[in-house]
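Undergrad: Take a look at this one; I'll ask things after.
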Amino acid sequence: MGFVAESNQGAIGNGGKSGLRSLVRRKRVDSVHSKSLETGHHQLAKELSIAHLIAIGVGSTIGAGVYILVGTVAREHSGPALAFSFLIAGIAAALSAFCYAELASRCPSAGSAYHYSYICVGEGLAWIIGWALILEYTIGGSAVARGISPNLALLFGGPDSLPFFLARYSIPSLGIVVDPCAAFLVFIVTGLLCVGIKESTFVQSVVTTANICAMIFIILAGGYLGFKSGWIGYRLPVGYFPFGVDGMLAGASTVFFSYIGFDSVASTAEEVKNPQRDLPLGIGAALSICCMLYMLVSAVIVGLVPYYAMDPDTPISSAFASHGVQWAVYIITIGAVTALCSTLMGSLLPQPRILMAMSRDGLLPSFFSEVNKRTQVPVKSTILTGVIAAALAFAMDVEQLAGMVSVGTLLAFTMVAVSVLILRYVPPDEVPLPSSLQAAIDLVSLRYSNNVRTEEIDVEISKSQTGEKNISKKGEASAEYPLIAKISAQAKCKESKRRNIAGWAIILTCIGALILTYSASNLGIPRSFRLTLCGVGGLLLLLGLGVLSCIDQDDARHNFGHSGGFICPFVPLLPILSILINVYLLLNLGADTWMRVSVWLVIGVFVYVIYGRSHSSLQHAVYVPAAHVDEIYKSSAESLNS
């Protein structure tokens, strides 16, 4: 029957003895059965609707960067074609959003990319993704918090206008500039998140609405000024593409990071009322709204002022000021402050859920998985996240560490795209069950063994009655049912070959994407060697794409996880394009960023080796064929009732 009992000295289950094999053990999608085994205080409140998800997605995505980014990118890369750069970046982000939408609706549990990687790829890479996301959200929240106080001070009249207990001040003996306002705001957001998911999301909706209203003001008022002045920014002799198409694409790479944030929607999957319907709609609507607002704002601003004359620090305010609208700076500043506050909430919301998911799986102490019975949120994890983020925001200038935020996001985007390929072509055919179900597993296994033995006896009796000589061997078709047995054996062999081919094709695709993007972005390599690497990488990528396009997808994909949700289109092309784009951006983040991230990841490896691997909930799991899971649970329930 193919049952693999890891608790019975199986290769994967004994993580401490199996070495590297523990890295590839995979967990199953949370179901009604698995959730029924958990205690009630581990369950999150299902309170979120589509409107809440859109508020989380838009609020987490649209930060104050757009109020600054348009000036820098227009001056250095895109020129008047800035709106096209935002469009291309939005399409690239949509590739990852499609992958997230399918996995979020099929596997609607807390943990986001960590959860999907654990189900589709394995424990080792899932741990790396989860550990990188912890870094992303911590530093991201701290960096956002430190950016609020300077903008908030402008509303009080100037850079040094905040009350003394909130104003920044330096400590020369330590060589640091502390920011009490940033820490105070982090504590406020942490308190809101502890009250409840519905309440905190309502506050985020209000703040996000204020930000959107400020952007709509920029679009409408800027559009009026543009029509009044004749759109002087577009009437230039250099044309619409002063830096060429390459400049527009370089601008798209830069503004791509302004779309990071929609993955926060996926982290709340367990708290959504109707995840199969609402999660894909929430992710898609949030990304569409952000892309539309980005494009309209950028199209208006580059039309008000020639791109080479834009202020790189305050492009929108200076553009309005050049047309005599000085008072608009207050509305724009309010928009920037509300955008940062909303992004701060979006940064601190996912991390406690990532920690909770990792703790549920045994990779972190149970402290992180405790859910408050009254508020139904992981209060302890939220408070710990807030304290660490507040400490960093108070005492550390984290701007130079901001690049580390992008590493966690891009790693997650890449792994989600790979997970979609695995789900479609080689979904797990064996899933782990708790060792407490060993009796039911043995009963079902014995039942199938008896059925097979009975069939063999019936065949032997019929052969002896007809006087036939017993010549059948293991793996051969029986004389009684030759066609059925032969077709069954051929089908199993064909399916095994298809899965092997698909698995190797996915591996070759990932290797090809890595080689191609590395050689294309590393200009320090000799030209001939660089072209050779590009050719090899491109060939592997096209080979993998061609093979996956020609072979059939696995029929088991229809039964994987929760059915009835969103289906990612254009597989395998769309996930492979997503992998290619994300790997390219990862390799272009800079050596300093990767050195800092590597230190964090090395620490994570030690934590996993010392604690996570030996405490994993899969340590004593029993792996069974996915097709027989429901039967095992039914048998277990019958034995308990009898």
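In case you wondered, yes, glycine gets a Cβ from its N, Cα and C as well.
Bear in mind that the values here come from a model prediction, so they are computed numbers and not experimental data.
The annotation transmembrane segment is assigned in TrEMBL to 50-70, 82-101, 113-134, 169-194, 239-262, 283-307, 377-395, 401-423, 501-523, 529-551, 563-587, 593-611 (among others). Annotation comment: TrEMBL describes 566-616 as domain 'Cationic amino acid transporter C-terminal'.
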Undergrad: Pairs of Cβ atoms less than 8 Å apart decide it: which stretch in 169-194, 239-262, 377-395, 401-423, 593-611 has the most with the transmembrane segment (283-307)?
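TA: Counting Cβ pairs under 8 Å, the winner is 239-262.
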Undergrad: For a three-state summary based on DSSP, what are the helix, strand and coil counts in the domain 'Cationic amino acid transporter C-terminal' (566-616)?
TA: 40 helix, 0 strand, 11 coil
Undergrad: Contact between the transmembrane segment (239-262) and the transmembrane segment (50-70) is defined here as three or more C-beta pairs under 8 Å separated by at least 6 residues; is that satisfied?
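TA: Yes, these stretches are in contact.
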Undergrad: Among 169-194, 239-262, 377-395, 401-423, 593-611, which stretch has the highest count of C-beta pairs below 8 Å with the transmembrane segment (563-587)?
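TA: The stretch with the most contacts is 401-423.
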Undergrad: Would the transmembrane segment (401-423) count as touching the transmembrane segment (169-194), if touching means at least three Cβ pairs under 8 Å and pairs must be 6 or more apart in sequence?
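TA: Output no: the transmembrane segment (401-423) is apart from the transmembrane segment (169-194).
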Undergrad: What residues elsewhere in the chain lie close to the transmembrane segment (377-395), defined as a C-beta under 8 angstroms and at least 6 residues from its ends?
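TA: Sequence-distant neighbours of the transmembrane segment (377-395): 44-45, 137-139, 141-142, 145-146, 176, 178-180, 182-183, 185-187, 189-190, 193-194, 196-197, 347-348, 351-353, 355-356, 359, 367-371.
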Undergrad: When you scan the chain for residues with a C-beta under 8 Å from the transmembrane segment (593-611), skipping those not six or more beyond its ends, what do you find?
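TA: Same-chain residues near the transmembrane segment (593-611) but 6 or more away: 124, 127-128, 131-132, 135, 363-365, 401, 403-404, 406-407.
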Undergrad: What mean pLDDT score does the domain 'Cationic amino acid transporter C-terminal' (566-616) have in the model?
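TA: Per the prediction, mean pLDDT sits at 93 for the domain 'Cationic amino acid transporter C-terminal' (566-616).
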